[in-house]
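J.: Quick paste from TrEMBL:
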| type | residues | note |
| --- | --- | --- |
| DOMAIN | 163-278 | domain '1,3-beta-glucan synthase component FKS1-like' |
| TRANSMEM | 326-343 | transmembrane segment |
| TRANSMEM | 363-385 | transmembrane segment |
| TRANSMEM | 397-419 | transmembrane segment |
| TRANSMEM | 439-462 | transmembrane segment |
| TRANSMEM | 469-485 | transmembrane segment |
| TRANSMEM | 505-523 | transmembrane segment |
| TRANSMEM | 554-571 | transmembrane segment |
| TRANSMEM | 1382-1406 | transmembrane segment |
| TRANSMEM | 1546-1570 | transmembrane segment |
| TRANSMEM | 1654-1675 | transmembrane segment |
| TRANSMEM | 1687-1709 | transmembrane segment |
| TRANSMEM | 1715-1738 | transmembrane segment |
Amino acid sequence: MEAVNMRQSIEMDREILEAQNKVSEKTQIYVPYNILPLDPDSANQTIMRFPEIQAAVFALCNARGLPWPEGHKKKRAGDILDWLQAVFGFQKDNVANQREHLILLLANAHLRQFPKPDQQPKLDDQALTEVMKKLFKNYKKWCKFLGRNSSLWLPTIQQEVQQWKLLYVALYLLIWGEAANLRFMPECICYIYHHMAFEMYELLAGNVSSTNGLSVKPAYIGKEVFLNEVVAQFYGVIAKEARRNKQGKSKHSQWRNYDDLNEFFWSTDCFRLGWPLRKDNDFFQVPVGQWEKKENSKPPRDQWAGKVNFVEIRSFWHIFRSFDRMWSFFILCLQAMVIVAWNGSGDLTAMFASDSLKKVLSIFITASILNLGQAALDVTLNWKARKSMPRFVMLRYILKVVSAAAWVIILPVTYLYSLDNTHGLVGTIRGWFGHGSSSLPLFSLAVAIYLSPNILAVFLFLLPSIRRFLERLDYGIVMLIMWWSQPRLYVGRGMHESTFSLFKYTLFWVLLIVTKLAFSYYIEIKPLVVPTKAIMSVHVTNFKWHEFFPRAKNNVGVVIALWAPIILIYFMDAQIWYAIFSTLFGGIYGASRRLGEIRTLEMLRSRFQSFPAAFNARLIPKEKNESKNHGLNATLSRNFTEIPCDREKEAARFSQLWNTIITSFREEDLINDREMNLLLVPYWADRELEDIQWPPFLLASKIPIALDMAKGSNGKDRELRKRIEADNYMCCAVRECYAQFRSIIRFLVQGEREKALIEKIFHEFDNHIEVGDLLTEFNMSALPMLYEQFVRLIKYLLTNKAEDKDQVVILFLDMHEVVTRDIMDDNLSSLESIRASSRSEGMVLCARDHQQLFASPGAIRFPVDPQSDAWIEKIKRLDLLLTTKESAMDVPSNLEARRRISFFSNSLFMEMPSAPKVRNMLSFSVLTPYYTEEVLFSLKDLETPNEDGVSILFYLQKIFPDEWNNFLERVKCRTVDGLMESDDLEEQLRLWASYRGQTLTKTVRGMMYFRKALELQAFLDIANDEDLMGGYKAVESKAKDPSGSHRLLSEQCQALADMKFTYVVSCQQYGIHKRSGDGRAQDILRLMTSYPSLRVAYIDEVEETTEESDLNDNDISDQIDLADEERSKKINPGKGSRSKKIVYYSTLVKAVPKSIDSSEPVQNLDQIVYRIKLPGPAILGEGKPENQNHAIIFTRGEGLQTIDMNQDNYLEESLKMRNLLQEFLEKHDGVRNPTILGLREHIFTGSVSSLAWFMSNQETSFVTIGQRFLANPLKVRFHYGHPDVFDRLFHLTRGGISKASKVINLSEDIFAGFNSTLREGNVTHHEYIQVGKGRDVGLNQISMFEAKIANGNGEQTLSRDIYRLGHHFDFFRMLSCYFTTIGFYFTTLITVLTVYAFLYGHLYLVLSGLEEGLSTQPAIRDNKPLQVALASQSFVQVGFLTALPMLMEIGLERGFRTALSDFVLMQLQLAPVFFTFSLGTKSHYYGRTLLHGGAKYRPTGRGFVVFHAKFAENYRLYSRSHFVKGFELMILLLVYQMFGQSYSGAVAYILITTSMWFMVGTWLFAPFLFNPSGFEWQKIVDDWTDWNKWISNRGGIGVTSEKSWESWWEEEQEHLRHSGKRGIVAEIFLSLRFFIYQYGLVYHLHILRKTKSILVYVISWLVIFLILFVMKTVSVGRRKFSANFQLVFRLIKGMIFLTIVSILVTLIALPHMTLWDIIVCILAFMPTGWGILLIAQACKPLVKRAGFWASVRTLARGYEIMMGLLLFTPVAFLSWFPFVSEFQTRMLFNQAFSRGLQISRVLGGHRKDPSCNKE
């Protein structure tokens, strides 16, 4: 028995083990899937039944003949990716992810080959070749560039070719999918792939090792060995370099960024790394040691590979270096114009005279000098890369300098030889070469030789195809010529456009340059020459200060002061001309593209008849036999006729799409139920009708009007017909109502007797209608009575109640009575014929019979049962047509609904590619990076009032009153309290509010419209006629039936949508939020549950325990873990101890699919789909691009749209996505296909405030007319952020969709455009599709955003991308690049510098006495050119560059009357103040970034509730960027007025300085003017208390800048600590300007009695030192005596005070010191003190060591207090007057007022009360 029992137990154990094995096997098989369920049991799912999917899967499963590694346990169904995993050690989830990725790529490529429906599941070779071509184009180009053969070897056996191709493609995708941060280094991936592909080839070919005679094996073997041995090595270098970056504080030259590391692989030196990788190579040697801890210390050069090809050095010289051709051109033109104007009459024809021509030819000498400067800059700025620089590059730099230096000698010598002068140096030179009579040809010959490279460049410019061909050749002579022109780089070749494109932008720039130079010459330069000559001829002797050079001739200082603003404007005004020309040409181009043809609902109504045809032509795929129209003629003369009535399928498709759009409007609460019903067309086509059933809003009130017309027609049939047919919609309404009346009567009448009678009546009416004598034969005066009875019948049919049957019978009797007795009364013959017909059929109607007519059982079908959806829809529509008496001209009434429907309608008449079928369209993904922004508003967020007592919900109710009412109607609730009674209604409320903010929920809803649109379009493509006529709504409603055909159709539509669309939100912190219980994680999970196809990617941080012995040198996380270094912990250190470390994963999750069993409770859970281990922290550079990069591996398809989380999308725009993707297949310039498709945006935050409106208009003009013109004709559009669509495979193999190096790639998006262009990409712009976008709405948020953009442009100026674009573009395209990128910001800087140049120049003239001495000269008294120059500066200052394209775009799309009214309204709302203030922001941060750095990401927030910013907050934000500069300009203007007004006219002073005073006032007080409640007294009092607290608080460790002035002050100087010597020297030099005031003003003191001795200036410095000494004494006394000897300290302070008062009284009493002198002293000494302060801050280490830092801080605090008081006093004074606050409110929130916002209540701080909700 024991044996038996034992045997039984053993058998049971075996069963358990077998069951366990089966479970484990199924666990391996049935893993969560993303899109494709690849487990065996899922083969019957719809998406897996597609032949294309089956073909791709079958091809991948072909693993026959593959040499599996020894000891590998092969899976039963292993495919080629499993083999690659086994051989090269890829991660399991990476293999699973790329398997699905590859299957979808192949299947979608296969779909587009138009395979036969009955084709066997075999992968099309052409589809595979297409994928390979895209994927390996960059790799093959890299191999060719480096002179290496590619590793893509194919077998000779044809049957194996496809398998090998698939292996090559799969290997690349697996490398890319696991490369982590290496994806930013595409050529590094090429290097890895090159070796691994060759290893794979050797394995497949069965090669034998030459060393041991065994089969070749991969260099790295083992589990996850690719990550640990290959990726980790390169990642370690990236991470260590990132650590040296010190969070952006190090100089760019001290660390290698992603570009440096990648460009190492542009040289054959990269092959020295070997394979396996040689870890001792210099590339991997990154010293990380003690030197990092020292500020600005340099790395040990002998241990560091250094920068490659380019060094980013902070210098303004980069602007000249990158665009040297432009600056040389403008400088030479300026020189030529000055020479021509200076010599002779100034007429341009005189330039060709012999003497003038010789002088003009001297410009070539200047050109050679500028060329030498450029060559010297190249050497100087790249000096730090000399060790890593290839020798041929170094040789080129040296030869360039030598050549340029030689020409600097040759050209001046030959030029001097050409002069006629025989004396001095010229005579000596002429003696060297002989005194020939013809001397000019020698110089001409030298110039010709000097210009020969430029002549060749012009030739190649005119023939861009030849230039493009030569750049790709590898012949020696060609490479030598190109090498001399440009250093041979991997990028920047083949960028030239087609001849026609070149002609367009060349013509534009030629016109612009000619206009600009003509204006500069005739208006600015020529008029100033004669006055300048006069000034130079006058000798001034009466100076007002101590003149160091009293005998100087020509008044050089005066000439410089006069010409400096003119020269600055000369270099700046090209930007103004660009704004003018681009506006004009952009407007014309936009009009030619048919923008703005439908601007209003009235325009839409007038063209709605052709709208369905346009709908189908644009959004419905064309049949093969339909012709396609292309070209300009088709664009300009596009006509769409009305859909013929017999084309039922076209009408059905239109109705499905149109109704879906209108329904989405209702779901978004843009329209109410009534408006929706008026806008819908019938879902179910009524085949009995011959006319198209237009939306009721077109037919509203037409029937009542037609009735009145018929009633008063007086029997004139022809006239009535003419009047009705004059209005086509009225005609359609009459026809439809009559047809529906007949149809309904026939349907309801069932009795045989009644049927016969009804048919005869209708027959009689139809005959008379056909003959045209209806009004003549019948009496139409009773028609209104019949109309009323029929309306009552329709109402009964709507309610459909059985108890109303008697009333329906009575109605039928009444209608019969009206028809037969009243209407047909005059036509007895007709009536008799009906009765005769009845008698002939044996149905004589006696009185009793007549009473029973319609009353017998079954005679009337009522109530109608069952009621079909089509019947209900028909009755509702008829009710609307009959009863809507008021006009529907205002439908829809919501402004946003009107805008969207107008734009969508207009876009259908624009040129766009034909829509392919969904199965044939390009597949695409959408990627949204998300960090910690708002996901979904909670109830607490909505109801909690802010400091003004206003909740978000209340605010939204007032901003969107109509949408709030529509929402309440939709949820069938009347009050907010009613919404709180149910969880579902609460959820609806949260969603409604979140859809009106800048939340992730809004973005996800918008992007998921793509899927909804694809499902609908797939239905329209594949549905049969019956399903199509039934409608998509019927399919959706019946899809739940498991046995019905509708379910299969619905699943097919969803499967097609899955194949074509993927949406991934990269929620970087989702794992952390989930573990910490953050509500955002739950909200994100709710989004995944609501949208099952939504995927969320995040970086998961897991603390894992490993054996110490398992850690090796390749474990990067312990070496360079940046983010979690301090959190890594060791437990039980020692041999064999266990260690805990942070391990990082890229994770993709989805919501757990809902159970089929509806009885199970719904659980909101997520499940991990893929989990791919990373070599370390993913965020090493800029956060957003790194966040995108880690998630990009989970995207699918050929297109990738980047969407930020402050964006929105619309269903109607989603319908055009497949049209847009077709643009990738067209060559727009005839040269290359697009790689980035630009889209226009609508800024939806413009209604919050006037500032938001300004920002909205500014942004709208940029994303429309601005980018339109950049793309065509200028061909310099880049990627400016979202929502552009990338060619995914192109960018996947070329570094991704952004760049991520810290600081230098702060504006990460535009670098993707730079990179795409440099790599022969093509960026286009398309305006027939749009997305929504939110912007910042408060001044502080806007300023921070503009500061970030200005910082980013400063970093772009230093970047290699801008340098390469500037040098590889042709001249005119280079101009386009400059003026549309960094040139705009440099122009703003020059605009501000022009004001400084003018004021400091005139300060010199006024204080020195030169202006008074030259007051009789025209250049001083009435300087017209200067006034023109300052007017140009004013244009830029007040926002002219922004306003002009804004006006054009508004006029184009909304009408020029609207544009004019908007412009006037903007001026009334102080738009010039905003733009002038914005100018200061841009110029400050751009200039400071170039000088000192300090660029960083500035979070602006996504909030829309405008709040009051405290005075201290505004001061912190704008003190250095605006307030200090405003006070400086104010002092300059005051000095100019005080000392220059007496001898210059008041009018001239006002004309010249008005814009400057405006700038001063704006920079000082705009933050308070645009601050909500900025002039409310109680807020002012609170602000003063807060300011005092902040300014007096001491700083220290842990004290933030918001709490203490000292902490803020130290923080403000942070950029100086990392600026470097050049930055410090520049800061000190710029600070010296503040000492000019003191030197000039002390000589104007009355007390000195016009003394000019230098001792006066020396004594003034003694006074300053005395003041500083007193301050230091007080400071030391406070520190040493205030505690223990308080009385003594007070006595000392009292004595000092009395001494100062005594000195002042003495000076006033004896030397007669006046109040004027006191004011002058203040104006003289205050700037000096500020200058000393700035120098002390720049030299902080020295000052600290000297022990004066505390005194400097005290001095600085004093200045801050004075500036604060000067700012606060006017604001406090104005706050006394209530009307000021009211004016500010109306000025700020005028837009909100027009939408019903009660801003007085919002800013008054009243809390929400229940009554407002009940209202």
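Numbering starts at 1 and runs along the chain as it is shown here.
Note: Cβ is positioned from N, Cα and C throughout, glycine not excepted.
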J.: Under 8 Å, at least three CB pairs between the transmembrane segment (1546-1570) and the transmembrane segment (1382-1406) (pairs 6 or more apart)?
T.: yes
J.: Between the transmembrane segment (505-523) and the stretches 326-343, 363-385, 397-419, 554-571, 1382-1406, work out which stretch tops the count of Cβ pairs under 8 Å.
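T.: Looking only at 326-343, 363-385, 397-419, 554-571, 1382-1406, the most contacts with the transmembrane segment (505-523) come from 326-343.
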J.: What are the helix, strand and coil residue counts for the domain '1,3-beta-glucan synthase component FKS1-like' (163-278) according to DSSP?
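T.: Helix/strand/coil tally for the domain '1,3-beta-glucan synthase component FKS1-like' (163-278): 79 helix, 2 strand, 35 coil.
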J.: When each of 326-343, 397-419, 1382-1406 is checked against the transmembrane segment (554-571) for Cβ pairs under 8 Å, which one has the most?
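T.: Result: 1382-1406.
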J.: What mean pLDDT does the predicted model reach across the domain '1,3-beta-glucan synthase component FKS1-like' (163-278)?
T.: 90
J.: Cβ under 8 Å to the transmembrane segment (363-385), counting only same-chain residues 6 or more beyond its ends: which ones?
T.: 253, 306-311, 313, 315, 317-318, 320-321, 324, 327-328, 331-332, 335-336, 397-398, 400-401, 403-405, 407-408, 411-412, 415, 447, 450-451
J.: Can you work out which residues elsewhere in the same chain, 6+ from the ends of the transmembrane segment (1382-1406), have a Cβ less than 8 Å from its Cβ atoms?
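T.: Distant Cβ neighbours of the transmembrane segment (1382-1406) are 319, 323, 557-558, 560-562, 564-565, 568-569, 571-572, 575, 1350, 1353-1354, 1356-1357, 1362, 1412, 1414, 1420, 1426, 1429-1430, 1433, 1436-1437, 1441, 1479-1480, 1482-1483, 1486-1487, 1525, 1529, 1532-1533, 1535-1536, 1539-1540, 1552, 1556, 1559, 1633, 1636-1637, 1640.
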